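Shown next, in structure tokens, is the structure this report addresses.
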Amino acid sequence: MLQFHRVSHLVRWLFIGVLCLPVLAGAIGVLLPALGYFPALGESTFSLAVFQRLWTVDHIAHMAWMSFFTGFIATAVATLSALCLLSAFYHQAWLHTIQRLLSPLLVLPHAAAAIALLFILSPSGWLARVASLFSQTVLPPQWSIPFDNSGITIIFALALKELPFIFLMALSVLSQPQMHTRITAYLKNAQAMGYAPVTAFLKCALPQLYPHLRLPVLAVLAYATANVEIPLILGSNNPPTLAVAVLQWFNHIELSMRFQASAAAVVQLMVTVVALITWRLVEYSAGRLLRHSMINTQRAQGARRVTLAAWLILVLFTFFAVTMVVSTLVWSFATFWPFPAVLPDGITLLHWQTALPALAEPVKNTLMLGAMVSVLAVIVALLALEAEVSVLPKLGWQRQRLEHSLLQLTLYLPLMVPGVAFLFGLVWFQQRFFSGGIFPHVMLSHLVYVMPYVYISLALPYRRLDPRYVKLAYSLGKSPGQVFWRVKMPLLFGPVLVALGLGMAISFSQYLPTLLSGGGRFATVTTEAVAVASGSSQRLSAVYVIVQAFMPIIVFALAWWLPGRLFNPAAHPRGQQSGVF
Amino acid sequence: MALSLDNVSIHRFNQPLLTVNFSVAAGEIVCVMGASGAGKSTLLDAISGQLSQPFSVQGDITLNGERINDIPAHRRNIGIMYQDALLYEHLTVGDNIAFALPRSEHHALKASERRARIVGQLDTVGLADFYDRAVQTLSGGQQARVALLRTLAAKPAAVLLDEPFGKLDNTRKEQLRPWVIQQLADRGLPALMVTHDSGDAQAVGGRIIEV
């Protein structure tokens, strides 16, 4: 095997290791205290006593139920809404307008979305103020959202945040060349047989699309059942969801609470697994039920209802997206703003002047960490993919299948195992065996979340690259290394930049990994925003949210703009000297 | 100079797909014809060293007396031309050719000399002023010419053509085909052309191998 191929194959194994080992080490680090083993606290015997004590904690069953319920319903709402939008508008020319409307919310961190939603839904928020215009009251309403015990606000916020992700994932599946050709042919064919466009999509495209969407949807479900930021900011604290409770117990001053927290983290993992299994069962039954309606020959089945629902979702989504942006902007410049007034008394730059100097350090930390994590993730992912297309095909059929499925499995491991269930264990591992230095620890825990997405976003363009370009370069006498750097990289420059941007955006948005691996001493914009949201002024929170939203948007804007400028002779004026070789 | 295939057989999952036994002399163009899926392009992949699972090759592939089966693709010195020009869009027209120059030639010449030589080659196909043009601005016929210049610039010892005129309309094909045949003959290169088009085989006028 050639040197470059050996290196890339090695990096592919490294990729698998970096994804697996922290999750496994973390799981062990949580499981041991949950079973009563924690020598540092003087306990070195295994028993189930910790779990027995956990059952006696007030509301424990309710907390677990809330994690399951909010995550499951939110994922169901987001998935159905996304599929509804897609079915109703796939044949419309302005599908891409919807795509552009949804994209910004995708890169907005969960914490920022939750805080922005707080400005609208809270008793002194805009909805209440506008409502008071009609009811003529001067007191804030007594409604119980947010912070409601029913979990409705959490579900709403999660669904709002996950809808764009599922919608855009579905669009990306549908835009794969083979899939696109097939679906387009199916839809034309079905319409020629008299099916309405929306019905044609429901009956012919959806069954083809969903299997490709299953893994991302399950990742969303796993994330939603164990999310911390949204229930922390918008949820009830009496009792909180299990994931939030785990966080509070781990950070409790009383160190012996660690046992309870570890056991609860294990329960959280089980809650997520149960949610995943339930989803598969519901999905299976739904598939069985719908199979009959596929062939019931109704040419316009569901067309009107789905279109109506899609419009409703679109209007609702646009309304909240726009009011979130506007209200956050208004709050960040607001002076005195008593209750029934729809607008503040005046505007001021004071909050920006207060927040920006305080944000300098977190912004610097966030950018540095994001850039380093993302660059590393992209390099590793590219080399792992290079091994996939250059080395694996040369291995035996069995070995090739094994290595392929091993990577696919580990890719989704950090996305399926809830952060609260392994991050604490990972932190314990890191402090126990690699104490000293916060930055590498934070970097590792970010890498675990950034690498899968970077890999997934690069895999498609990398595999789609016309292999003849590569064969041609080999036939011109270029070595594998030269082909990688001088042919593949320029051809993939656009996707590589987008992956870099995505990696940075994901790193920016990480709350729990930063908080835990950094031991609370590594401040990023996201950790500061959550801290400010639960404490001081709404006006400062607004500034933090805007900064949080702007960072990924600037990164993505650069990622879209740069490829057109570099490596593109068509963009330069004629007659310029060649500087490439 | 010659390219020989001695009892070369292509296997798919260990099932034999085809077996060939012939050699191509210097300056000769041999056409390979056969139904879709017969393994014509796979045969070219085997010769250029680009075969991947589930395909495998047995037998001896020799180029100028040297067995090349175990030499990696980029050291085989065998040029390829496809039906798409596949010019690299991140490079200009001239830089696409510069990319193909052998290391030795790259070092032996100064940048200005390299440029002059490439402009000279472009001139032979009526594209002297096109060095700095983006490849997307060229017509299909122009791209095909640049693609062959690029293949030849790497100084290959043999050339494989995979349906090289498959995407051209009849007028362009009639213009380009004699030129390509002439270029290969002028350089005395052994060439193997996979084609569907009996017109190609007639124009070449050489041996035809059916697979």
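Keep in mind that glycine also has a Cβ here, set from the backbone N, Cα and C atoms.
The shown structure was predicted, so the numbers you read here are calculated from the model rather than taken from an experiment.
According to TrEMBL:
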{"type": "TRANSMEM", "residues": "A:12-40", "note": "transmembrane segment"}
{"type": "TRANSMEM", "residues": "A:60-89", "note": "transmembrane segment"}
{"type": "DOMAIN", "residues": "A:60-278", "note": "domain 'ABC transmembrane type-1'"}
{"type": "TRANSMEM", "residues": "A:101-121", "note": "transmembrane segment"}
{"type": "TRANSMEM", "residues": "A:152-174", "note": "transmembrane segment"}
{"type": "TRANSMEM", "residues": "A:215-234", "note": "transmembrane segment"}
{"type": "TRANSMEM", "residues": "A:259-282", "note": "transmembrane segment"}
{"type": "TRANSMEM", "residues": "A:308-334", "note": "transmembrane segment"}
{"type": "DOMAIN", "residues": "A:363-559", "note": "domain 'ABC transmembrane type-1'"}
{"type": "TRANSMEM", "residues": "A:366-385", "note": "transmembrane segment"}
{"type": "TRANSMEM", "residues": "A:406-429", "note": "transmembrane segment"}
{"type": "TRANSMEM", "residues": "A:441-462", "note": "transmembrane segment"}
{"type": "TRANSMEM", "residues": "A:491-512", "note": "transmembrane segment"}
{"type": "TRANSMEM", "residues": "A:542-562", "note": "transmembrane segment"}
Using a Cβ-Cβ cut-off of under 8 Å, list the residues of the same chain that are 6+ residues beyond the ends of the transmembrane segment (A:406-429) and lie near it.
12, 15-16, 19-20, 22-23, 25-32, 215, 218-219, 222-223, 225-226, 228, 243, 246-247, 250, 261-262, 265-266, 268-269, 272, 276, 384, 388, 441, 445, 448-449, 452, 455-456, 512-513, 516-517, 519
Have the transmembrane segment (A:215-234) and the transmembrane segment (A:60-89) got at least three CB pairs under 8 Å, pairs 6 or more apart in sequence?
yes
Do the transmembrane segment (A:308-334) and the transmembrane segment (A:101-121) share at least 3 Cβ pairs under 8 Å, sequence separation 6 or more?
yes
At least three Cβ pairs under 8 Å linking the transmembrane segment (A:259-282) and the transmembrane segment (A:101-121), pairs spaced 6 or more in sequence?
no
